[in-house]
């Protein structure tokens, strides 16, 4: 009896942390390397869980706070969850004793919001209605295999984290569910924010970064990096730029082409509906489609320009494209010109005792001048595309535009071709007013954001059908004539639609 009371006491203590641990969504202002740091802490936290049934509290590791202490704590919370196995709602099984069904999950989430976390814990796990192990699945957390066979107390911290994340999510607007609703929203809105990711460029042959087996990161094992993301680490670039330039040609845009999805965004602009396009892409294809600079925020920079890492001399990005395609490291023309000006005047070569010219050793492997062979010439600075690498500050324009311009004007959010896993774009959706309608277009669904309408399938296919239903003429060479599109409502969902090419 005493043992049971002790367990219940510990359960109450652990579960009631959920009422304190509700994490408000914060705007990420730090540089991109913060997420790398947080991932490491999150992995360590998950190991702590395996060894001692404990996940690090958000407030425990104060030493992890940077200048933006609150942001760092929020990041640790989110990344601790990301380090664990997650599932989407469509993965919830129909009949599995230790996992909630989709209907059960929805019911538990609604109950949580209605009565609050403390009472929710009291009437579920504490009342013996359901185990913590099963209940965490209602919040899209897969029971970790390393806890198999452990007492149910081992899952309490995970449940606390899952509850906290659920309460931080925006609530879906119930009045928007159908494709017709989505079309009407697009037609009637005047200030649309479009968030885009790599999925809108893949139809041009440009790989995304994180897709299993086919994404760029999955193909970098031969580089010997500890983490494939290190290919975009500014310190590694300074030490050895050849690592980045080994893969740069694979993500370099070709010519002036753009996709039907880019054309769709340009059409929104043409109709006076585009407020801002926040793009995670670095390919600068938005410019090819005609998106105006004042309507475009390239959150991670782009290939549009390139700068010397030494003297900061900037050139149009296409000035270094030839070097990239030929696997050469581009060097700064300004540095090169200045070095040539500093070259000492020609001198007679010393003759050896046998009468032959004694040439000085050549050290500059990048020099292309025969006249420089007799001198030790320092190498010019390396040119780097103006992509925001890990370890570099994010552009101020992003937060300024979002907070001072867009937040109070936006009347519709369309997310296209991104899983919303990377800051800063991942923070846009939760930052905006929750009453603003939000729709999602991509191949795979996401579980960490509650969109009003999900449209799953090829991005080009989806936007083309939306335009057809809106009565808009979306012209593009990649859109087949008389294309038929089949749309089905995904089983078990009221607002998730799957698009496919019709027969």
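Cβ coordinates come from backbone N, Cα and C, glycine included.
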Which listed span TrEMBL calls region 'Disordered', if the choices are 340-372, 373-405, 406-438: 340-372
The one of 308, 311, 332, 335 whose CB sees the fewest other CB atoms within 10 Å, among these binding-site residues: 311
Rounded Cα-Cα span from residue 300 (active site, proton acceptor) to residue 332 (Zn(2+) binding site), Å: 22
Non-site residues, in chain order, whose CB comes within 8 A of the mean position of the CB atoms of 308, 311, 332, 335 at Zn(2+): 309, 310, 312, 313, 331, 333, 334, 336, 380, 381, 383
Integer Cα-Cα distance in angstrom, residue 300 (active site, proton acceptor) to residue 311 (Zn(2+) binding site): 21
